[in-house]
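Structure first, then comments.
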Amino acid sequence: MSTTTTTAPSGGARAAAATADYLDQRTGVGKAVKEFARKIFPDHWSFLLGEIALYSFVTLLISGVFLTMFFVPSMTEVHYDGPWRELQGVAMSEAFASTLRLSFEVRGGLLMRQIHHWAALIFMAAIVTHMMRVFFTGAFRKPREINWVVGFVLMILGLAAGFSGYSLPDDVLSGNGLRITDGVVKSIPILGSYLSYFLFGGEFPGHDIIPRLFTVHILLVPGLILALIALHLFLVVLHKHTQYPGSGRTNANVVGFPLFPVYVAKAGGYFFLVFGVIALMGATMSINPVWNYGPYDPSPVSAGAQPDWYMLFLEGSLRMMPGQLEYMIGDYTLSLNVLIPAMVVPGVLFMLLALYPFVEAFATGDKREHHVLDRPRNRPYRTAFGVSVLVAFFILVLAGSNDLIATHFHLSINDITWVFRFLLFLGPWASFVVTKRICLALQRKDRELVLHGHETGQIVRFASGEYIEVHKPLDAHERWLRVQHEAIRPLEIEPAEDSRGVRRKGYRADALRQRLSRVFYEDRIEPVTPAELEAAHSHGDHDALGSDQEKAPAELLAGGAPVGGGTHLVAGPSDETGPDARNS
Amino acid sequence: MKALAARRHDRRAPVVLLLLALLLTGALYAVVAPTSADAAPAAATGDVETGEKLFQANCATCHGPDATGTQDVPSLVGVGAAAVDFQVGTGRMPMQMNGPQAQAKPVQFDEEQIAALAAYVASLGPGPAIPTAEQVDPALGDAASGMALFRTNCAMCHNAVGAGGALSQGKWAPNLWETTPTHLYEAMATGPQSMPVFNDATLTPDEKRDIIAFLDLQGEATPGGIDLGSLGPVSEGLWAWVVGMGLLIGAAVWIGARSS
C-alpha cells in the first residue's frame, strides 16, 4: 500500500478544473486568484467598516436598478390619478407621479425605495466611520496617501450621489434643496448667475434639471464610484493591509489569516448581514415619505425641512450665518451671507481632511513606509485635530437641526443659534486641548504601567512599619504594545548660514517645516526605553531598603512567585517567549 | 330694649352676633343661590349672565373687569365666541404660567361653562362664531385640496403633515394630530397666539374644511412603516446611525471576534 492515495475526481470537479484551466490559459487569471486568495488579512472589527460602505453600495446598485425600471425622469406636467387620496387630481411632474406610482402601485416598489434610501444613509455613515478609523490610526501614511485621496474623492462622490438622488423625486423637500443649491451657485462672485443658468438650463427650476440629475445619479456618479472603488481595493491589495501594533507585528509583515477561506466566508457573510440590516430598516421604518411633502412648487417650505444627515452640516452652516453680510457694489450683489457658509466653511473642512496626510508628512519629514498602525494616544496632535474637526462637523449638524432641538428640548431657537455660533469657534478649540491632554495623560499612564506594573490591590506592611502596594509587572506582549512606538521629536534643522557665513539654500522651507513640526510634536511623552526599564526594575536593589525587607512582599504572595526585581514588583511575567495569544 | 342694651357689652355678644350673621347669610344663600347644573343645557348659545360671572371670577384679573384688557393682555371685545371656545376649550386659558406662549393643559371648565363664557364674550362685540358640526366635518372636505392649502399656508410652521415645528424665541407651532376639527377651524378663524388669522377672505369656510379633511388623515399608520415622528430627514439620519450603524458595527465586532 502506497503512502499516497489518489481518488478519481468526480465529473463535476473535472469540469470545474477544465473550465479553470481554460480560463487560466487564456487570461492568466490563476496567478491573480492565487495571490488574492493568499492575501493575509489581519483580524480586527474596525477593518470591516470599509466593507459596510462597499456592501451598502452594492445594495444601492441592486435596489437602484429596480427603481430605474419605473422612475420617469421628466418634468412634464401630469395630473395624479392614483390610490393616494391626498394628492388626487393634483398637478405634478411626471417624475413625482412616477415616484408615487413606484411607492403605491409597483409591487415591492416602496420597499425598494426605502432600502435604497436607507442604504444611502448607511453608505455615507460607513464611509465617514471608515475614514475616522483610517485617520485616527494613521493608516493614511506612506505608502497610502494616494489611497486616502481616492477615499476622500469617494466620499465627495457619495455626497454627489446622495444629493442628486435626493433631488430626483421632485417633491417639495428635494425642490427646497435644489433651490438652496441654486442660491449657493448664484452667490459665487461674477460667475454665479451664469453657472445657475447653465446648471438648470435657464431660470430655476426650468425643465432640464431632473433629467440631468438622473443622468448624473444613475450613470456618471455610480460609474466614477465603481471605478474608484476598484482602484481603492486594488491599492489595498497592492499595499497589503495595515495592522494594529502588537508583539510580532512589524512594518515588514502582516499577521492574520489568508483571505481564503476564512475571510471569504466572513466577508461574504457580512454582505448578507449588511443587506439584511438595510432591508430590515427599509421594511419597518419609513424614510423620505414624499407623498407627505407633495409635488415641488417654489412657494411652500415646511417646518422640519432638512437635507439627509450627510448634507446637514451645510444646512447648519447656512442657518447659523448672520444675514447682514450682503453688499451692493454698484449694480452687483455680493452675497457673503451665502458664500461663506455654503462655500468657505465646507471648503475649509474638506481641504483640511484631504490635505492632512501631506501636511503631517511634511511636518515629520518621515519618508519611510508605515504598515503598523498608530495607537491614537501616541499621536496626540493628530488625534486632537481629528476630534476637533469632528466636533466642528457635529456642531454644524446640530445647528442644522436647531428647530427640532428647540421643540424637543423646549428651548428658544434664537438662543440655540447663538450658542452654536460661539460653539463653532470654541468647541473645536476646547476639544482639541482636552483631547491632546487626554492623549498625553494616557501615554503617561502607559509609561507608568511599563515602569511599575499593574496595581494588584495588595498592601504589604514591612517589619519597619512601611506600607507599600504590590505591583505586578507587565508581560512582554503588553509591554511591547506600550513601548513599540517611536516618539517623534520636532525636527532639528541646519543653521541658516554655514561656518563661513554663506546663506544656506532651502533654509526658509526648513524653518517652516521646523515650526510646523514643533506645533505637532513639541508636547510629547517619550516611550520607555530599555535602559529606563532596566533602571526601574533594578532601582529596588539600590533602595535604602534592606534585603530582608525586600523579601517580605514575595513571601506573602500565594504560590511564591519570584520577585520581579524592584521592591514594588512581584510575580514575573508568565510566559514571555511563547507567541502572543492575541495573534492566534 | 333695656335688657338688650344692658347685655350689649356682654363678652358673649360678638359670638352671638357672628352666629346670627352666619345664619342670615346661609338663609340668603338658600334663596338667592343659582339652581344646580341640571338646568337646560346651553348648547350653541350659553347663558350670558353665567358667563359674565365666570368671567369676573376667572378672567377679569388679567383681561380687566370689562374685558378690555391692559397693555400686556389683549382686549376680548370682538374676539368672538370661537376664540373663547378655542382658548378655554383646549386648556390654554386661563393661562397657568407666563412663558413664550400659553400651553395647552387639562381643560379647566366643562362644556357648559365654556359655552357660557363664549356667549358672554360674544355679547361684548361681534366676532367669529363657533363653527357648526357641518362646517368642520372632515368627511365633507376634499383632502387633496386641503393638502395643497396646508402646504402653502400652514406647513412652514406646523410641518408638512402637521407634526409641529419651532418658532422664534421659544415659541412653537403645536402638533395638530390630536386637535379636534372644531378647534382647528376656530384656530384658523381667530389666530391664537403666534398664528395668523385666516379669515373667510383668505381661506373660505370650504377651504378650511378641506384642510381639516387633510389633517384628519394624518398621524395614522404610514405606508412605509414606523413614521419616526414624521420629523423629516434629521430623525431618519439619527436612526440610520443608531439602528443601522449600531447593528452593523455590532455585527462587525462579532465577526472580528476570534472563535475560541
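All positions are counted from 1 along the displayed chain.
Using N, Cα and C of the backbone, Cβ positions are placed for all residues, glycine too.
There are 14 other Cβ atoms within 10 Å of the Cβ belonging to B:Cys62 (heme c 1 binding site). Mapped onto three states, the DSSP output places B:Cys62 (heme c 1 binding site) in helix. If you look up TrEMBL, you'll see B:Cys59, B:Cys62, B:His63 marked as heme c 1 binding site.
The annotation heme c 2 binding site is assigned in TrEMBL to B:Cys154, B:Cys157, B:His158. Neighbours of B:His158 (heme c 2 binding site), defined as other CB atoms within 10 A of its CB across all chains, total 23. In the three-state DSSP reading, B:His158 (heme c 2 binding site) counts as helix.
Positions annotated as domain 'Cytochrome c' by TrEMBL: B:46-125 (among others).
The annotation domain 'Cytochrome c' is assigned in TrEMBL to B:141-219 (among others). A mean pLDDT of 91 is what the model gives for the domain 'Cytochrome c' (B:141-219).
What TrEMBL records for B:1-39 is signal peptide.
Positions annotated as transmembrane segment by TrEMBL: B:238-257. Listed as Cβ neighbours of the transmembrane segment (B:238-257) (distance under 8 Å, sequence separation of 6 or more from its ends, same chain) are residues 228.
In the domain 'Cytochrome c' (B:46-125), the DSSP tally of helix, strand and coil residues is 39 helix, 0 strand, 41 coil. Proximity to chain A, defined as a C-beta distance under 8 Å, is registered for the following binding-site residues out of B:Cys62, B:His63, B:His158: B:His158.
Apart from B:Cys59, B:Cys62, B:His63, the residues listed for heme c 1, the same chain places the Cβ atoms of B:Phe55, B:Asn58, B:Ala60, B:Thr61, B:Gly64, B:Ala67, B:Gly69, B:Val73, B:Leu76, B:Pro94 within 8 Å of the centroid of those Cβ atoms. The two recorded residues, B:His63 (heme c 1 binding site) and B:Cys157 (heme c 2 binding site), show a Cα separation of 28 Å. Taking every protein chain shown into account, B:Cys59, B:Cys154, B:Cys157 are the binding-site residues, and of these the Cβ with the most other Cβ atoms within 10 Å belongs to B:Cys154. Remote same-chain residues near the signal peptide (B:1-39) are listed as 50, 112 (criterion: CB distance under 8 Å, separation of at least six residues from the stretch ends).
Taking the Cβ of B:His63 (heme c 1 binding site) as centre and 10 Å as the limit, one finds 21 other Cβ atoms among all the protein chains shown.
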